[in-house]
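The annotation active site is assigned in TrEMBL to D:127. Annotation comment: TrEMBL describes D:76, D:77, D:78, D:112, D:113 as substrate binding site. Feature annotation from TrEMBL assigns domain 'Molybdopterin cofactor biosynthesis C (MoaC)' to D:16-149.
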C-alpha cells in the first residue's frame, strides 16, 4: 500500500493542498442523501391537513447557504466561487430525498460543497421534524456524479 | 392529525420559537453517525504503514468547531452557549464511527449541535478520504440520547 | 450640549460599552421597514399567475438568520442569546411591509437585532425582485417599540 | 404576465441561478441611503463641541466589511471576489447620507454588495446614535447606477 | 511530570473542556502587544503632516470585532457572551502599543478574547502600514492580568 | 514626507483599495512567529511522557482555517481564493516556531493571510498551554518573503 491522503504531507501534517498549477475549468458535482422519518411527518411537510408551510423552503435555503460556507466548515477545503447551487427535496412515503447540484469554474471540484448542502438541508429538516419525530436519521449522504476537471466525468458505480 | 411543526406559525411561516419562558437548565445530547468507506482507507487512517497523521484530529476539531456554529447553519436554531463538546472517532473494519456529546446550561436542548458536530466530522473525513475512496457515504446520523430540560431523559428506542 | 455617544469614550475612541453591571431581564423589540416596488412585483410574490414560490420564505429566513449575526455585523453590538425571532411580511399594493420581533433575556436590548432582521429581509426581497424591478428601495427601517430592561416600555412617538 | 423571478425555478423553488455561462467582466455598482435623525446627533457626529470620535469611521468600516459578507447574508447571492469597496458618509442638517461603490471582475453584478454596505453602515450609525435619538430611521436604500456586464450601464431613472 | 493539557483527554484527543459545573461570575482579562515599525509610520498614523485618518479607528474596531469571534477562530474556546471590550492604541517612537480589556459574566475566563483582540488589531495595523513598512512585526502578545472566577486575580509576574 | 497609507483616501477615510486594474498572477507569502513558553510545555507538546495528543494538529488546523477568513477579520483586506495553505510548527527548547506559507492566483498578495495563519496558530497554542504556562507570549509575527505580483520577490532584510 503506497497510497496516502493528499491532505497530509509526508510527515502526516494536515495542509490545504496546492492547486495553483491547475487550470480553472467548469465543474459540476451532484450529491444526495435521505432523511428517514415517519409517514406522519411527510404528511405534515406536504401540507395534507394544514396550509403547506415554509419547512421545505427553509431546508432548501439552508442547504444553498451552507454550500457557500463549505470552506469555513471543512478545514482543508479551498474557498471556491460557486456559479450555481440548487437543492431539491422529494417527499417519499416515510422519507425525504435530498439532492444538491453545485457548479463552479475554478481549480478544484465541488463535491464537498454538494455534500455540505445535502447535510445541512438534512440537519434543517431534522430540526423541524424533531418535535414530532425525534428518531429521524440522515442516511446515504454521498456523491452521485462529478463532471469537469482533469479527471472528467465520474459516476458512482452501482452497488456501492 | 392535529400536530404541527413548532417552527411554523399557524399560517405556515417559519419562526424561531419563543423559549423565553423556559428556565436555563443543564442539558446534554449525544448523537452518532457512521462513515462507510473501505478497509484500505481505515488502514491509512490508523497509520498501519505510514506515520499516523492529523486526519482524525482534523475531523474531531472540525466537528467541535461546527457545533459552535450550529445556529448559523440551521436557520431556526437558537444561539446557545455550549459548556462542552467532544467528538469521538472509532475505526471499524471498513467504517469510522462518530459520536458527539454536547452540553449546555440554557433554555433549549443541544441535539442539533450534536448532530451538526457528527455531520461536519463526517464531511471532513469524506474530504480527506475522497481521493482514495470517492464512494464513501455518511449514514445513520441521529440522536442517541438527551438529558435535562423539562422532558428529562430521552433514549432512542431500539429498532429505529 | 453635554450629551455624548455611549459607544465612544471621552477621547472619542470606539468601545463596546460595559453592561456587566446590568441584570439579565426579558426584553423585546419590534422594528419595521418597507420595500417599495411595483404592483407587478407584488403580483409575482403573491403567486397570482404562477405557483407561489419560495420568495417570501427566503426573505423571512434571511431576516431570522441575520438577527442572530447582528453582533458580527454591527461592530459595537454585544453578542446576545436570542430567545425568539419572527419576521412578518405583508404584501401591499406596490410595496412589501416587513416587521421583525426579537426577544432575549440578557443584559441589553435587542432593537439592533430587530433592525438587522428587517434590513436583511429587505435586501433579500430586493435581490429577488431586482431583475423585474431594479428601482426597488428599502425605506423607513426603524424601531417601533421596546419592552423590558431598566427603561421599560418605549413606543415610537407619532409624527417621527 | 409571463415574467418570473430568476431566483425561483418553474416549480417556485429557490435556487442560486447558474452564471457559469457568463464571462468575468469588470463591474461596478453604486448604492445610496439616508439615516434620518436630529440636528443634535449630526452636531455630535461632526464633533462640534467634542473631539470628533470614531463614529463615522466605525460606520464606514462596518459597511466595507458587510459588503464582503453579502453572500452569507442574502441567501441566493453568489460569492464574489470584490476588487474595491468604498463607503462615503456626508453629514446633512438632520441626516447622514450614505453612498457605497463596489467593484468586481466576476460573472455577476455587485449591486447587492453595494446595498448591503449601505444598509449595514446605516445600522451601525443607528446603533451609535440610538441613545440620543431612538427614532432614527434608515430610508431610500437603493441602487443608483451599475456598469459592466452584458447589460452595460444602468442609471436610476428620475422620479423613482 | 504528571501535568497534562486540559484541552486533551487521556488518549490525547482534543475536546472543549466541560465548564458546566462552574458558576457564571464576573471576569476580566487584559492583554497587550506591540507592533514594531518605523518612526515614519508612526508620524503618518499620528497625522503629523496629513489629516489624521481612520487607521487607528480601523484597528480598534477590528480588535473589538475579533474578540467577539474568538470561539470561531480558536478551536477549543467556549462561546461567551462578552459584556464589554475596549482596545487602546498608544503611539510610541517607532511602535504602536496595543492593549485590550474584555469582560464577561460567564463560566470561563476571557484571556483568549483579549489576546485575539490584540492580535487582530495588530494584524490590521500591519495591513495598513505594510506598503510603507513591509518589515513591521507583532511582538509580546500576552496576558497582563485576569480577575474573577475561582482562581481570582492573576497578575503577570515581573521578568516574564 | 509625501507618502500616505494606500488604505486611506485623501480625506483620511478607510477604503478597500481598487485592485481591478491588476492582473491575477501566482503569488506566495511566507510569514513566521514564535510562541515563547517553558521547557515543560514543550515536553508536553512533544509527548515525552504521555501519548502525543492533538495539540499541534489543532494549532495547524486553526491556522489554516484562519487564513481562509482573513478578509473577515482584517477590515480592508480583499477576499481572495487561496490555492494552498500550510502551517509548520517546530518545537524548540522553550518555544514553538510557527511558519505559514500561502499561495493564490489573484490580484493582490497573501502576506496578510500568512500573518493571520501564524497569529491564530499562536493563539491556539496559547489557549492549549495556558493552564500550564499562563505567561506564554507570541512574538516576532512578521513576513519573511513574498513572490509574484508586479513587485516580484521580496525577502525580509537582515537586521529587522
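Cβ coordinates are placed from backbone N, Cα and C, and glycine is handled just like the others.
Feature map: TrEMBL annotations on the structure.
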| residue | record | Cβ within 10 Å |
| --- | --- | --- |
| D:76 | substrate binding site | 25 |
| D:77 | substrate binding site | 23 |
| D:78 | substrate binding site | 22 |
| D:112 | substrate binding site | 27 |
| D:113 | substrate binding site | 26 |
| D:127 | active site | 26 |
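Of all Cα pairs drawn from D:76, D:77, D:78, D:112, D:113, which the record names as binding substrate, the longest spans 12 Å. Mapped onto three states, the DSSP output places residue D:78 (substrate binding site) in coil. Proximity to chain A (Cβ-Cβ under 8 A) holds for none of the recorded positions D:112, D:113, D:127.
Counting residues of the domain 'Molybdopterin cofactor biosynthesis C (MoaC)' (D:16-149) by DSSP class, helix then strand then coil, yields 45 helix, 47 strand, 42 coil.
Under 8 angstroms separates the C-beta of D:76, D:127 from a C-beta of chain C, among the recorded positions D:76, D:113, D:127. Proximity to chain B, taken as a Cβ less than 8 Å from one of its Cβ atoms, holds for none of the binding-site residues D:77, D:112, D:113.
Distance between Cα atoms for residue D:78 (substrate binding site) and residue D:127 (active site): 28 Å, as a whole number. Each residue contributes its Cα atom, and for residue D:77 (substrate binding site) and residue D:127 (active site) these two points are 26 Å apart.
Cα of residue D:76 (substrate binding site) to Cα of residue D:127 (active site): a distance of 27 Å.
Geometry remark: the residue listed as 'active site' versus residue D:113 (substrate binding site), CA distance 21 Å.
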